[in-house]
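Take a look at the structure set out below.
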Amino acid sequence: MAFLWLVSCFALVGATFGCGVPTIQPVLTGLSRIVNGEDAIPGSWPWQVSLQDKTGFHFCGGSLISEDWVVTAAHCGVKTSDVVVAGEFDQGSDEENIQVLKIAQVFKNPKFNMFTVRNDITLLKLATPAQFSETVSAVCLPNVDDDFPPGTVCATTGWGKTKYNALKTPEKLQQAALPIVSEADCKKSWGSKITDVMTCAGASGVSSCMGDSGGPLVCQKDGVWTLAGIVSWGSGVCSTSTPAVYSRVTALMPWVQQILEAN
């Protein structure tokens with residue numbers, strides 16, 4: 001059953017740079033590794049980070065939720081020997097003003113299950129805080145009772161594959177606009193695998209794909225971009241007619257708040 005590929009993302013409030021309000025405005029065509037996505041405007045998704053191993057290999061995405069914290073997917077298997085790269089757009093360029101941040105602690109949700117991919121969320125505490133700027137800032141976290149109804153057009157970003165059988169991932173950050181899909185419609189594709197800690201989006205001609213995992217699904221709420229989902233899993237061939245599955249951040253907020261308050 002080729003149903004497992006995985007993705008994830010998060011971010012909190014900055015001092016001078018408020019959460020969820022990019023200094024450089026994103027421009028989405030709405031048509032838009034993301035399969036059938038498009039290049040993002042550099043710096044327009046300032047919470048997007050790249051998780052890289054010590055060789056510099058990008059293996060997952062993530063989201064800044066504050067200067068000190070990143071949210072990603074548990075299935076990414078992040079270790080403290082990995083690094084968080086913030087402020088990046090073109091992974092093939094060495095001209096960018098990126099921040100390479102060490103990870104002090106990895107908090108994987110203890111209820112995460114690799115077989116059901118439930119509770120697919122990990123928080124990373126940074127060893128040194130990110131320096132917020134016009135290209136590095138946080139996404140807003142939702143309230144537990146926030147609702148992102150079916151049909152809401154949201155955005156996902158990442159450096160994941162643009163075709164499931166592509167030999168390599170794109171160098172430039174990709175973006176796509178995609179609608180939230182109802183639980184009932186999502187279950188038509190995925191059945192009982194879908195639970196209350198998941199949300200679905202896509203089936204609209206675009207899809208997240210391998211390498212996007214851990215990155216953000218963001219929706220505009222009261223004028224700010226809010227983290228609704230973390231790229232988790234989906235079609236093994238990144239089908240653009242099947243919804244992709246994201247960790248439902250509202251359902252996981254009690255655990256997030258518990259970790260942030262205790263650390």
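Cβ from N, Cα, C; glycine included.
According to Swiss-Prot, the signal peptide annotation covers 1-18.
Among the features that Swiss-Prot reports, disulfide bond is placed at Cys19-Cys140 (among others). Other Cβ atoms within 10 Å of the Cβ of Cys19 (disulfide bond) number 21 in total over all chains.
The annotation domain 'Peptidase S1' is assigned in Swiss-Prot to 34-261 on the grounds of sequence analysis.
Under the DSSP three-state reduction, Cys60 (disulfide bond) is assigned to strand. The Cβ of Cys60 (disulfide bond) has 30 neighbouring Cβ atoms from other residues within 10 Å, across all protein chains displayed. Annotation source Swiss-Prot lists disulfide bond at Cys60-Cys76 (among others).
Annotation comment: Swiss-Prot describes His75 (among others) as active site, charge relay system, evidence class similarity to another entry. Cβ neighbour count for His75 (active site, charge relay system) (all protein chains, 10 Å cutoff from its Cβ): 27.
Sequence annotations record features per position, and here Swiss-Prot assigns phosphoserine to Ser93 based on similarity to another entry. The local packing around Ser93 (phosphoserine), expressed as other Cβ atoms within 10 Å of its Cβ over all shown chains, amounts to 12. In the three-state DSSP scheme, Ser93 (phosphoserine) falls into the coil class.
Swiss-Prot lists Asp120 (among others) with the feature active site, charge relay system. Neighbour density for Asp120 (active site, charge relay system): within 10 A of its CB lie 33 other CB atoms from the protein chains shown.
Proximity of Cys154 (disulfide bond) to non-local residues of its own chain (separation of 6 or more, Cβ distance below 8 Å) is seen for Phe148, Ala177, Leu178, Pro179, Ile180, Ala201, Leu217, Val218, Cys219, Gln220, Ala228, Gly229, given in sequence order. The feature disulfide bond is assigned by Swiss-Prot to Cys154-Cys219 (among others).
Reduced to three states, the DSSP call for Cys200 (disulfide bond) is strand. Marked as disulfide bond by Swiss-Prot: Cys186-Cys200 (among others).
Residues or ranges marked as disulfide bond by Swiss-Prot on the basis of sequence analysis: Cys209-Cys238 (among others).
Annotation comment: Swiss-Prot describes Ser213 (among others) as active site, charge relay system, evidence class similarity to another entry. Annotation note: Ser213 (active site, charge relay system) sits in a coil segment as assigned by DSSP.
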- prompt: When you put Cys76 (disulfide bond) at the centre and draw a 10 Å sphere around its Cα, which of the recorded positions Ser93, Cys200, Ser213, Cys238 have their Cα inside it?
  reply: Ser213
Statement: As a whole number of Å, the Cα atom of Cys238 (disulfide bond) is distant from the Cα atom of Ser213 (active site, charge relay system) by 12
Message: Looking at the domain 'Peptidase S1' (34-261) alone, can you tell me the average pLDDT?
response: 94
Task: Out of the disulfide-bonded residues Cys140, Cys186, Cys200, give me the one sitting nearest to Ser93 (phosphoserine) by CA distance.
output: Cys140
Message: Between the Cα atoms of His75 (active site, charge relay system) and Asp120 (active site, charge relay system), what distance do you get, rounded to the nearest Å?
response: 6
